Amino acid sequence: MQIPGHIDPVPVPRAAPARADGRVDLVGLSKAEIRAALAGAGLDERQAKLRAKQLWHWIYNRGVTDFALMTDIAKAQQPWLAERFVIGRPDVVTAQVSTDGTRKWLLRSDDGQDYEMVFIPDADRGTLCVSSQVGCTLNCRFCHTGTMRLVRNLTAGEIVGQVMLARDGLGEWPSQPDGRLLTNIVMMGMGEPLYNFEQVRDALRIVMDGDGLALSKRRITLSTSGVVPKMAQAGEEIGVNLAVSLHAVTKEIRDEIVPLNRKYGIEELLQACADYPGANNARRITFEYVMLKDKNDSDEDARELVRLLRKYKLPAKVNLIPFNPWPGAPYECSDPERIRAFSNIVFEAGISAPIRTPRGRDIMAACGQLKSAAEKKSRAELDRLAEEKLAALG
Ligand code: SF4
């Protein structure tokens, strides 16, 4: 179906440029790609294979960024590597720590693009919220990132780089199987991960690799706004947990809040969830539901949500998210009693529906808020007003 105007996403934004110094960043390359890069630079096959294995260990198990510290690589070869390669990290523009322990970083790529990452510590886990794009094409109206234009997809290296940087910041090298602070990853930062499928897949494969960062796929969650044609592929090729930004149960309201709904509707989306490989009661699908006052928060909405989840027999958990407004936001957060009432209806139907505690409000930890803290009318709002104007003229 052809989507008119701004809700048609742009899935192929411009690519990241090569490094100005001509060196190749090894972070984000697969083992085979590192080997090929070494062979391409002149090592024979046997050497390339051995060095690739060693480099992988130093990069992803030990967190080392300096070739001179790699003690099992010949001293003479270390400068040779440093002339041709680099083990990069994103630049940190700002790093903030909230009173509740939430940490937020504004990061900058080599070509000067800013994106964000957030670490949320809890009693029994620590979750890193990772970005997949600079900006986003999808324009969800409750989301601050949706007010920014998409600049480009992040590369696999920039996605893995976020995890590496968080590990640096938490002092979590070498990689340990137990006692980690960073235990979980959610692809829930800036961007729609399924519109940057290959890079996200490659990055998560590196994160899951047992010889390196070694995070289990059960501890990684990919969150989508509902890019239906890519969901099965994500299940097959990445295999991590799935979260879906549902946010509404009627076409009218979801069309408004998540404009992608005009392309892939609720029923189509829920069918894709039912078909998601690996979803079962032990690995439930999380449905994100932002609570917006007088918009999607009635008892009737809660009952419709239950009906839909039952209809598709979904092993589901519903995450109720109190809306975290930003300056110029078009919505208000539902009252706490309303959120509780909504949650109770879903719980009583036998579906878990916890209310997420807002985190890091003092450091504006909601997605997209740090990159653009200045008050402005959201892009989604401007687009909507322009559409209304056109309709009035027509
Ligand atoms: S909620 Fe996600 S998909 Fe929607 S605009 Fe924000 S970043 Fe993009």
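Using the three backbone atoms N, Cα and C, a Cβ is placed for every residue, glycine included.
What TrEMBL annotates here:
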| type | residues | note |
| --- | --- | --- |
| ACT_SITE | E116 | active site, proton acceptor |
| ACT_SITE | C367 | active site, S-methylcysteine intermediate |
| BINDING | C136, C140, C143 | [4Fe-4S] cluster binding site |
| BINDING | G191, E192, S223, S245, L246, H247, N324 | S-adenosyl-L-methionine binding site |
| DOMAIN | 122-362 | domain 'Radical SAM core' |
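Residues from the recorded positions list (E116, S223, H247) with a C-beta closer than 6 Å to any atom of ligand 1: none. Secondary structure from DSSP puts the residue listed as 'active site, proton acceptor' in a beta strand. For the pair S223 (S-adenosyl-L-methionine binding site) and C136 ([4Fe-4S] cluster binding site), the C-alpha distance works out to 14 angstrom. Less than 8 angstroms from the CB of S245 (S-adenosyl-L-methionine binding site) sit C140, S223, T224, S225, G226, V258, E288, each of them six or more residues away in the same chain. The least crowded of the binding-site residues C136, C140, C143, L246, judged by other CB atoms within 10 A of its own CB, is C140. All protein chains shown were included, and the count of other CB atoms within 10 Å of the CB of S223 (S-adenosyl-L-methionine binding site) stands at 21.
C136 ([4Fe-4S] cluster binding site) sits 5 Å from G191 (S-adenosyl-L-methionine binding site), taking the Cα positions as reference. Within 10 Å of the C-beta atom of G191 (S-adenosyl-L-methionine binding site) sit 29 other C-beta atoms, taking all shown protein chains into account.
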